[in-house]
Ligand code: GLN
């Protein structure tokens, strides 16, 4: 079987790290900024960055509705941090009116933006991750947490009692950034599921 073509949404955020991580995990990775590029990929990664800025750019680039449609159609997706926020069906603390993070509705969950950030901006923690051996060194940067999950959503990891990694079918999301640590197991989990 040929390597899956996995796009990385490249409007804003840490795109490059995900491209490298995906290649190392066995995918053919490419950037997605246009509708035609979105149409051409088998799956999509939404990187960390700023979910309100990414939402604004999704509208500007006329990608918001096409992306929602592909996700509704079952295109697998993985979101880290800002990407987790966008994959949610509901966002708490979405931002000021006119400059809000817009939910893509791929995972039945409520995600609170900057949830850990109220206590501390960034931190690192070794978390147990369902399906992976040993712990994952998780880097949290103004990270969200998950406040509610629907019946079909599996919680794969928690931090401070809050879900920080979830999966619903072929949709995966982490509140932390595995793309920055050199540990490719989370990306491999995603790529191997395609
Ligand atoms: N706080 C950011 C947001 O709301 C996410 C931070 C990140 O992706 N590192 O989108």
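The backbone N, Cα and C atoms fix where each Cβ goes, glycine too.
Source: prediction; values computed, not measured.
In the three-state DSSP assignment, the secondary structure recorded for residue 81 (active site, nucleophile) is coil. For residue 81 (active site, nucleophile), the same-chain residues lying six or more positions away in sequence with a CB closer than 8 A to its CB are 47, 48, 49, 140, 141, 142, 143, 144, 174, 175, 176, 177. Feature annotation from TrEMBL assigns active site, nucleophile to 81.
What TrEMBL records for 177 (among others) is active site, charge relay system. In the structure as shown, the Cβ atom of residue 177 (active site, charge relay system) sits within 10 Å of 24 other Cβ atoms.
The active site, charge relay system annotation in TrEMBL covers 179 (among others). Every protein chain shown contributes to the tally, and the Cβ of residue 179 (active site, charge relay system) ends up with 27 other Cβ atoms within 10 Å.
For residue 113 (L-glutamine binding site), other Cβ atoms within 10 Å of its Cβ number 24. The L-glutamine binding site annotation in TrEMBL covers 49, 50, 51, 113, 141, 142.
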>> Please report the Cα separation of residue 51 (L-glutamine binding site) and residue 179 (active site, charge relay system) in Å, rounded to an integer.
In response: 17
> What is the number of other Cβ atoms found within 10 Å of the Cβ of residue 141 (L-glutamine binding site)?
Replying inline: 20
>> According to DSSP, collapsed to three classes, what secondary structure does residue 141 (L-glutamine binding site) have?
In response: strand
> Should residue 50 (L-glutamine binding site) be counted as helix, strand, or coil on the basis of DSSP?
Replying inline: coil
